[in-house]
C-alpha cells in the first residue's frame, strides 16, 4: 500500500494526542518501576541483580521483540495492534498483583507488560511518522513526552497507592487505569492510501486466481453431465425406442463417460492444488530472502551500523539510573527527611523537557540531528561517571535532572533513523535498532545489580556504565565524520532516501 503525502496536521494532531496518552498509560508503571523495585526487594528477599530483572525485562522485552512488533504493525495496522496491546498491559499488571514469587513477575510484569509496551511504542511511532514530515521532530517529541510525564506522575502515584492499599492493590489500580489505552487506540485512524493505480501483479501474485480456475472447470463438467443426460432423454423420446436392452447400454455408456470426466477432474484438482502450494511456498521464501537482503543492505551503511552499537551501549549504561536511583540514595544513607521529590520523578519530568526540547531542535534546518544525538551520548557518559561522587540529595537530584534531560534523546532517535535509511525502510530499520536497545535495557540493570552484590557498592557499576555510553558515542561520532563520506563517495553511492550527514551539517 502506498500512503498519500503526510498532511502535517489535521487528524495528525489527534494522533499525537492519543499517542501521548497511550505512552503515558503503558510506560508510566514500567519506567517508574524503581518504586516497586524497593517493595519487591523487601517482599521476596532476593538479590538486587535478580530482582532488577523484573524492571529490565519490562522495559527491554518489548524492544527485543521490535522486529516482530514492526511486522505486526505493518500487517495489521496501528489501531488493531494498539487495542490488543492495551489488553496485554492491563492484564499483565493485574496478574502481577497475585505474584507468589519473583519468577512469576518475570512473566506477568516482565514479558506480558513489556511486550505490550513494545507493540504500543512501535504503533505510535509508526503512525506518527506517516502523518508528519516537516513537523516530524516536533510530533515525535510531543508523543515521546507521554512516557516521561507518566514516569513523573506514576512514581509518586505508585508510592501513594502502596501506602494506602499495599503493593497488590497498587498494581490492580494501575492495571485498571491502563484499560484507557483501548479508547486511545480506537482513534488511531490509518492514513488513507494514495489514488495512484496499484502495481501490476506478478505471476506469483496471480497464483490464488489460478487456483479458482478449478471451480469453474468443475462446474463446466457438471453442466456437461447434465447436457449428456438431457440429450439422452430427448433422443429416447423422439425415437420412442422400447428396447430395454439398448436403453441399458446407453445408460452404461453415459455413466462410464461421467466417471471418466470425474477422474480427470480430480486429477486436475490435485495437480492445481500441488502447483498452488509450490508457488505459495516459493513466494513466502522469496519474501524471507528479500527481508534478509534488505537487512544486509542496511548494515552496509556505516552510520546505521555504528548507530546500533551506540544504542546498545547507551541502554546498557544509561537505563539503570532510572531504575536504581532510589536504591542508590538509600545505599548512600541519605535521610528521608531531605527528600523533597522522588529522584525518579525528577528523571521523569526532565526527560519530558529533554524530549520536547530536542525534538524542537531537530526541526531546525541548521541543526545536524546526528551530531546532536552524539552530544547527548557523550554528556550522559560524563554524568554517569559523576554519580559515585554524589553523597547528598541535592547532588543526586541535579544528576538525576541532567540524566533525565539527556535521556530525552529518544525523541530524536526515530528522526535520526528516518534520515539515515529513509521513510520507506523506517519500520524495518527501527525494528532492528530497537532490538539492540531492548537487549541493552534487559542487561543494564542486572549488571549494575550484580556489581553491587559483588562489591557492596555502586561506584564500580556506574564507572562501567559511563564507559559503555562514552564508547558508543565515540564510535558513532567516528562513523559520521565527513572525511569518511569523502573517502567512500567515489567507490559507492548512497542508497535512495539515505541521509548524507556531510551535507546535513548545514541542513
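Even glycines carry a Cβ here, placed using N, Cα and C.
Nobody curates TrEMBL annotations by hand; they come from automatic prediction.
Residues or ranges marked as transmembrane segment by TrEMBL: 12-40 (among others). With a cut-off of 8 Å between Cβ atoms, the residues of this chain six or more beyond the transmembrane segment (12-40) that come close are 6, 46, 51-52, 54-55, 58-59, 82, 85-86, 89, 93, 102, 105, 113-114, 116-117, 120-121, 123-124, 127-128, 131-132, 139, 142-151, 153-155, 157-159, 162, 167, 170-171, 174, 177-178, 180-181, 184-185, 187-189, 322-327, 330, 342, 344, 348.
Annotation source TrEMBL lists transmembrane segment at 52-73 (among others).
Per TrEMBL, transmembrane segment is recorded for 80-98 (among others).
According to TrEMBL, the transmembrane segment annotation covers 104-125 (among others). Long-range Cβ contacts of the transmembrane segment (104-125) within its own chain (Cβ-Cβ under 8 Å, at least 6 residues beyond either end) map to 19, 22-23, 26-27, 29-30, 40, 53-54, 56-66, 69-70, 72-73, 78-79, 81-82, 84-89, 91-93, 95-96, 98, 140, 143, 181, 185, 188, 414, 427, 430-431, 434, 438.
As annotated by TrEMBL, transmembrane segment applies to 137-156 (among others).
Feature annotation from TrEMBL assigns transmembrane segment to 162-183 (among others).
Here TrEMBL flags 303-319 (among others) as transmembrane segment.
As annotated by TrEMBL, transmembrane segment applies to 339-358 (among others).
Residues or ranges marked as transmembrane segment by TrEMBL: 370-390 (among others).
Outside the transmembrane segment (396-417) by six or more residues, the chain places 125, 129, 136-137, 140-141, 144-145, 148, 307, 311, 318, 321-322, 325, 328-329, 332, 334, 340-341, 343-344, 346-359, 361-362, 369-370, 372-373, 376-377, 379-380, 383-384, 386-387, 390, 426, 429-430, 433 with a CB less than 8 A from a CB of the stretch. If you look up TrEMBL, you'll see 396-417 (among others) marked as transmembrane segment.
If you look up TrEMBL, you'll see 429-452 (among others) marked as transmembrane segment.
Residues annotated as transmembrane segment in TrEMBL: 464-484 (among others).
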Feature contact check the transmembrane segment (339-358) with the transmembrane segment (429-452), CB under 8 Å, 3 or more pairs: no
Positions on the same chain near the transmembrane segment (137-156), where near means CB under 8 A and six or more residues out: 12, 16, 19-29, 31-32, 34-35, 124-125, 128-129, 131, 174, 322, 342, 344-345, 347-352, 354-363, 369, 404, 408, 410-412, 414-415
Proximity of the transmembrane segment (303-319) to the transmembrane segment (80-98), 3+ C-beta pairs under 8 angstroms: no
Winner by Cβ pairs under 8 Å against the transmembrane segment (370-390), considering only 52-73, 80-98, 339-358, 464-484: 464-484
Outside the transmembrane segment (80-98), six or more residues from its ends: residues with CB under 8 Å to it: 22, 25-26, 29, 69, 72-73, 104-105, 108-109, 111-113, 115-117, 119-120, 122-124, 167-172, 174-176, 178-179, 181-182, 184-186, 188
